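Annotation source Swiss-Prot lists Zn(2+) binding site at CYS10, CYS13, CYS32, CYS35, citing sequence analysis. Here Swiss-Prot flags PRO142, THR143, GLY144, CYS145, GLY146, LYS147, THR148, LEU149 as ATP binding site, drawing on sequence analysis. The domain 'ClpX-type ZB' annotation in Swiss-Prot covers 1-51.
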Amino acid sequence: MSKYDSHLKCSFCGKSQEQVRKLIAGPGVYICDECVDLCNEILDEELFDTASSMPAASRAPVAERKRSQSAPLSLNQIPKPRDIKSYLDEHVIGQDEAKKVLSVAVYNHYKRLSISQASADSVAELDDAIELQKSNILLIGPTGCGKTLLAQTLAQMLDVPFAVADATTLTEAGYVGEDVENILLRLLQVADLDVEEAQRGIIYIDEIDKVARKSENPSITRDVSGEGVQQALLKMLEGTVANVPPQGGRKHPYQDCIQIDTTNILFICGGAFVGLDKIIEQRTGKKAMGFIQDGELRAKEQRTADMLRDLEAEDLVKFGMIPEFTGRIPVMSVIDALDEDVLCQILTEPRNALVKQYQKLLRMDRVELEFQPDAIRAIAQEAYRRRTGARALRAIVEEIMLDVMYELPSQSRKELTQCLITRSMVEQRSTAELLVHPSAISTPESA
């Protein structure tokens with residue numbers, strides 16, 4: 001060993017070559033085996049923190065998926081479309097057509113995965129000359145009709161990674177905003193950074209109509225948040241090997257990328273597509289004549305829904321989606337607007353119904369919350385008038401319950417046992433009242 005070699009030391013901890021077992025040389029720097037072990041511990045801790053910060057619905061299935069990953073899925077283990085729809089029915093009211101479309105798509109997605117994981121003998125039995133290609137889905141419907149809720153409910157029951165992304169933050173590569181590869185990064189995080197597991201997943205892209213081309217005619221200026229995003233999504237939707245930066249590409253430009261094959265990743269896109277019915281009217285010539293009165297609002301919505309069922313790919317192109325993008329999403333489903341009857345059901349029937357949520361909140365303070373049937377109807381009518389779908393329901397109930405939830409924790413729990421919501425409270429925007437249940441009033445004999 002030369003005199004120079006005897007003075008080599010780790011660039012991180014400063015220990016000499018004689019004090020460590022191994023000294024690894026780099027371009028102008030050295031690192032010892034002890035520092036390498038320390039780096040591995042730090043990385044393992046960061047990965048654990050990342051998994052712990054994920055939502056419980058996304059984090060819980062990870063260990064179970066890892067246990068079942070090595071074994072191919074059999075047809076008996078794949079959830080049937082009826083089972084998937086039944087689960088959706090417990091959480092989402094109405095939208096039967098969209099539920100059927102999603103149930104069939106998820107079922108076929110599982111079957112593709114079962115074939116890709118099967119052994120060579122099994123594949124031969126299934127006729128490996130036929131390759132099953134995926135059919136991406138487009139959900140079209142007004143705001144607050146349940147597009148995102150359908151996707152979130154699917155994520156709770158599926159045995160594959162499921163990620164939800166927002167298209168409004170995406171921009172073309174090189175511009176301020178998120179790259180399209182960040183969509184795959186979310187899926188990778190849900191899969192606990194397991195590439196093989198992420199390649200089996202499903203991605204829901206919300207607000208996809210916001211990346212529509214700003215003008216039907218090409219402009220001399222670049223549309224970096226519209227057509228540019230659609231162009232960047234093309235190969236990802238069809239199936240390609242994408243380079244995904246594990247820490248995001250903008251703030252850490254020199255990191256090593258992870259390669260993910262999107263061939264078996266199912267993409268579900270959703271958007272409101274405001275004004276699309278007008279484009280269909282111009283093409284079909286079924287335009288309604290005359291003025292719409294307030295009493296005819298429901299009939300107008302029905303005509304709009306019927307018009308959207310005549311949707312063709314050329315209408316989406318007219319709206320601003322490029323032909324290459326629409327061609328990669330062959331399955332299109334229209335989600336109906338919510339009427340008063342459906343809004344009443346949404347308030348009371350689902351497993352996580354809004355009324356049940358507030359009843360549970362007040363029950364924790366030993367107060368029984370009761371909504372009279374005509375109050376439920378009044379809340380649904382007001383939500384229908386606001387034209388924001390089911391999102392208006394929570395806003396209205398919050399207005400009514402605000403003062404009660406503010407005063408209740410400070411009141412004596414022995415005196416307050418009931419909270420009643422009436423129709424007049426909803427119509428007059430008055431706050432709910434806390435009542436003493438008759439059974440809680442002490443009689444002279446008991447006193």
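Backbone N, Cα and C define each Cβ position, glycine as well.
Around GLY144 (ATP binding site), the same-chain residues six or more apart in sequence whose CB sits under 8 Å from its CB are LEU338, THR388, GLY389, ALA390, ARG391, ALA392, listed in sequence order.
Comparing the Cα of CYS145 (ATP binding site) with the Cα of every entry in CYS10, CYS13, CYS32, CYS35, these being the binding-site residues, the smallest distance points to CYS35. Rounded to a whole value, the Cα-Cα separation of LEU149 (ATP binding site) and CYS35 (Zn(2+) binding site) is 47 Å.
Within 8 Å of the centroid defined by the CB atoms of PRO142, THR143, GLY144, CYS145, GLY146, LYS147, THR148, LEU149, the record's ATP site, lie the Cβ atoms of GLY141, ILE335, GLY389, ALA390, ARG391, excluding the listed residues themselves. Within the set of binding-site residues (CYS32, CYS145, LEU149), the lowest number of other Cβ atoms found within 10 Å of a Cβ is recorded at LEU149.
Nearest by CA distance to LYS147 (ATP binding site), out of the binding-site residues CYS13, CYS32, CYS35, is CYS35.
Between the candidate binding-site residues, CYS10, CYS13, CYS35, the densest Cβ environment within 10 Å is the one around CYS10.
The Cβ of PRO142 (ATP binding site) has 20 neighbouring Cβ atoms from other residues within 10 Å, across all protein chains displayed. When the binding-site residues THR143, LYS147 are compared by the number of other CB atoms within 10 angstroms of each CB, THR143 has the fewest. On a Cα basis, CYS35 (Zn(2+) binding site) lies 56 Å away from PRO142 (ATP binding site). Applying an 8 A CB threshold to same-chain residues 6+ apart, the list for GLY146 (ATP binding site) reads VAL92, ILE93, GLY94, GLN95, ALA98, ILE335, LEU338, GLY389, ALA390. Note: the Zn(2+) site is recorded as CYS10, CYS13, CYS32, CYS35; in the same chain, LYS9, SER11, PHE12, GLY14, LYS15, VAL20, LEU23, TYR30, ILE31, ASP33, GLU34, VAL36 also have Cβ atoms within 8 Å of that site's Cβ centroid. Taking Cβ-Cβ distances under 8 Å and a sequence separation of 6 or more, the neighbours of THR148 (ATP binding site) in its chain are VAL164, TYR204, ASP206, GLY270. LYS147 (ATP binding site) carries a helical DSSP state (H, G or I). Reported as a whole number, the C-alpha separation between THR143 (ATP binding site) and CYS32 (Zn(2+) binding site) equals 57 Å.
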